[in-house]
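Participant: Below you will find the structure I want to go over with you.
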Amino acid sequence: MAVNFKFSLLTITIVVNILVYCNASAIKFDVDLEKVPSNAVACPAAEDIAPCTCKVGEGDVMDMDCSKVTSDAELASIFSKTFPSNTFRELFIEFNREITTLTADSLGAATFTKIAITSCTQLKTIEENAFMASAATLEKLVLLKNDLSSFPFEEMSQYTKLNWLELSVNSITGWPALSSDTLANLILFRNPIGNIPVDAFQTLPNIEQFNCFDCSITEVEAGTFTRSPKLQKLVLGYNGLTSLPVGAIKLHGHGPTTSNLGITNNQIISFPEGAVEGIQGILGIDFNRVTSLSEEVWRPILENLFQFSLLNNPLACVCDVMWLIDSPELLAKIKGNPRCAGGKRLKNLDPAVFHAMCQ
């Protein structure tokens, strides 16, 4: 009986240990299963999208690069296929000489938060609805260094998250019919746009930055850049401006780096009092034809500025600059040491000479 009892006890112990081990293994197995996400992002099969490529980035987001597509038809064919998911983060196409037109079928049902199509020198037309599948997701659209002459600006009001629109270095002519409640950054430099209508920004209530460097602008009407309550950065360099009227520009910055105005490389001779207001960051007027720095115009501006750049202007440096020479804290805000028309440097002028000559 004793032997049987010991045998039974041993049997019970073994069974219990097996059950405990199995249960523990089951628990461990369950925990491991929980570590496997049920909705893991998967790129389309490489053979289905070639020569496009797809990669999954941090945060389970997919980026698509279609720089090597060989035709408009091939791009549309790739995006006509069924993907595991149509939700992408970025579409990138660069240095492609085969794409000429993007149509409503080019990107199929795929959606993106950013689209960057750059240096595609044969791309001339973006047709209506080309990006419409991304109307609810697109935040940044960059179409840089192509040859675009046609773009559906009038559709941008339907893009409910669009913050950044850039079509720099293209062939856009005339001011676009653009309306958006979300757009904060509009970058159009190096397009032959011409003069900007005085009411151009009334349909862009949240615009913060506008860049139209080298846009064939010859005139800015009073009020053009004063009705945008959030405008902080304005670039109008390398145009044909010869003057600015009173009330032309008013920026709305909130610190020394938030409101900047660049109007370099124009033909501006003078600035009337009240032509520019609200600049707290950097004001650049290099390579113009400014001759005078009268106190009534420039003291209010300089007192609020972080930095003032006015290199390569034919400054007369006569009695009109005495107030500036006598204000070292304002003189220090001037970038570098501009040369006067007579050859002397502005910051090297002798205050004693001006006091004797001008008082």
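The backbone N, Cα and C atoms fix where each Cβ goes, glycine too.
Residues or ranges marked as signal peptide in Swiss-Prot: 1-39. Residues or ranges marked as repeat 'LRR 1' by Swiss-Prot: 135-158. Positions annotated as repeat 'LRR 2' by Swiss-Prot: 160-180. Residues or ranges marked as repeat 'LRR 3' in Swiss-Prot: 181-203. Taken from Swiss-Prot, the feature repeat 'LRR 4' covers 228-251. Residues or ranges marked as repeat 'LRR 5' by Swiss-Prot: 255-278. The repeat 'LRR 6' feature in Swiss-Prot is assigned to 280-300. According to Swiss-Prot, the repeat 'LRR 7' annotation covers 302-325. Under the heading repeat 'LRR 8', Swiss-Prot lists 331-356.
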Participant: Taking only the residues in the repeat 'LRR 4' (228-251), give me the average pLDDT of this model.
Facilitator: 97
Participant: Do any residues, 6 or more residues outside the repeat 'LRR 4' (228-251), come within under 8 Å Cβ-to-Cβ of it, and if so which ones?
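Facilitator: Cβ under 8 Å, 6 or more out: 184, 189, 201, 204-222, 258-280, 284.
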Participant: What same-chain residues lie close to the repeat 'LRR 3' (181-203): Cβ under 8 Å, and 6 or more beyond its ends?
Facilitator: 156-157, 159-175, 209-225, 227-228, 230-231, 235
Participant: Going along the chain, which residues at least six beyond the ends of the repeat 'LRR 1' (135-158) come within the CB cut-off of under 8 Å?
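Facilitator: The answer is 87, 111-129, 164-173, 176-181, 183.
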Participant: Would you mind listing the long-range same-chain contacts of the repeat 'LRR 7' (302-325), meaning Cβ under 8 Å and 6+ residues beyond its ends?
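Facilitator: For the repeat 'LRR 7' (302-325), the list is 256-257, 264, 278-295, 331, 333-336, 338-342, 344, 346, 349, 351, 354-355, 357-358.
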